[in-house]
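K.L.:
Take this structure, written in structure tokens, and hold onto it; I'll ask about it next.
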Amino acid sequence: MQAALTAFFMLFFSLLSLLGIAANGFIVLVLGREWLQYGRLLPLDMILISLGVSRFCLQLVGTVYNFYYSAHKVEYSGGLSRQFFHLHWHFLNLATFXFCSWLSVLFCVKXANITHPTFLWLKWRFPGWVPWLLLGSVLISFIITLLLFWVNYPVYQEFLIRKFSGNMTYEWNTRIEMYYLPSLKLVIWSIPCSVFLVSIMLLINSLRRHTWRMQHNGHSLQDPSTQAHTRAXKSLISFLILYVLSFLSLIIDATKFISMQNDFYWPWQTAVYLGVSVHPFILIFSNLKLRSVFWKLLLLARGFWVA
């Protein structure tokens with residue numbers, strides 16, 4: 001029974017990964033084609049293509065890692081492949097979290113109806129900052145990944161040089177890996193998460209105040225401003241659920257609470273990569289440009305199938 005359940009979740013994880021890779025690849029191809037055609041992208045499209053690239057690579061790396069690890073448990077636990085994977089995994093996760101945060105900020109400054117001078121200044125300046133914020137996120141993610149590798153290196157160096165430096169050093173290295181590194185990762189991941197939460201709270205509060213004002217004045221709730229707020233809020237709420245799920249899964253993964261030998265490993269990996277696989281479809285169907293191309297391709301595929 002347990003073997004059948006594991007096989008089911010492995011298959012489900014594989015299908016989810018293929019869907020995520022296809023959806024993120026679709027976003028990258030559509031926006032990349034527009035970039036090549038016109039030589040420029042809107043701030044929203046810059047964030048979406050960056051997010052699509054990072055998620056595409058993250059999904060690909062995660063899929064290869066999980067199946068390689070399941071096939072080479074002993075070799076992987078003490079080899080260079082573990083370090084190689086974690087370098088890429090940490091970098092892509094940090095970059096993805098940062099891109100998600102900038103996407104939420106852009107939604108907020110575009111849709112929130114806030115008259116504070118600081119917010120109005122940010123609303124005017126933020127779109128021009130987007131390219132530099134994306135580049136800065138990549139550079140900071142790269143630097144933090146190298147620092148994490150440098151801090152974590154003593155834990156693995158006995159495997160790399162194939163000798164131990166004594167029980168005291170080994171115990172100290174184990175303590176670093178089990179206690180200090182998860183705390184450090186929690187602090188690092190909390191920064192983009194805080195930016196995301198502040199943005200979504202501001203937008204939801206703006207929608208609440210706008211709705212109350214319209215009700216108080218007796219106007220229809222179907223006006224364009226309210227509908228724009230509602231669409232953005234629905235997108236961000238779904239985004240928030242998937243974002244929080246990804247954040248919690250990273251925290252649990254950092255504590256090594258669920259290992260490959262655990263019966264819940266594959267269900268947990270499905271939950272870890274759920275946001276990376278599902279949210280691209282939300283972005284596609286909430287974006288007019290991506291949605292129109294998607295339906296055109298679907299109709300084209302249907303025509304070939306019928307023919």
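Cβ atoms here come from the backbone N, Cα and C positions, even for glycine.
These figures come from a predicted structure and were not determined experimentally.
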K.L.:
With Swiss-Prot as the source, do ALA4 and GLY128 lie on the same side of the membrane?
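P.N.:
According to Swiss-Prot, which assigns topological domains, ALA4 and GLY128 fall on opposite sides of the membrane.
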K.L.:
For the topological domain 'Cytoplasmic' (286-307), DSSP counts of helix, strand and coil?
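P.N.:
Per DSSP, the residues of the topological domain 'Cytoplasmic' (286-307) fall into 20 helix, 0 strand, 2 coil.
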K.L.:
Does the transmembrane segment (8-28) reach the transmembrane segment (265-285), going by 3 or more CB pairs under 8 Å (6 or more apart in sequence)?
P.N.:
yes
K.L.:
Of the stretches 89-109, 130-150, 184-204, 265-285, which racks up the most C-beta pairs under 8 Å with the transmembrane segment (41-61)?
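P.N.:
The stretch with the most close Cβ contacts to the transmembrane segment (41-61) is 89-109.
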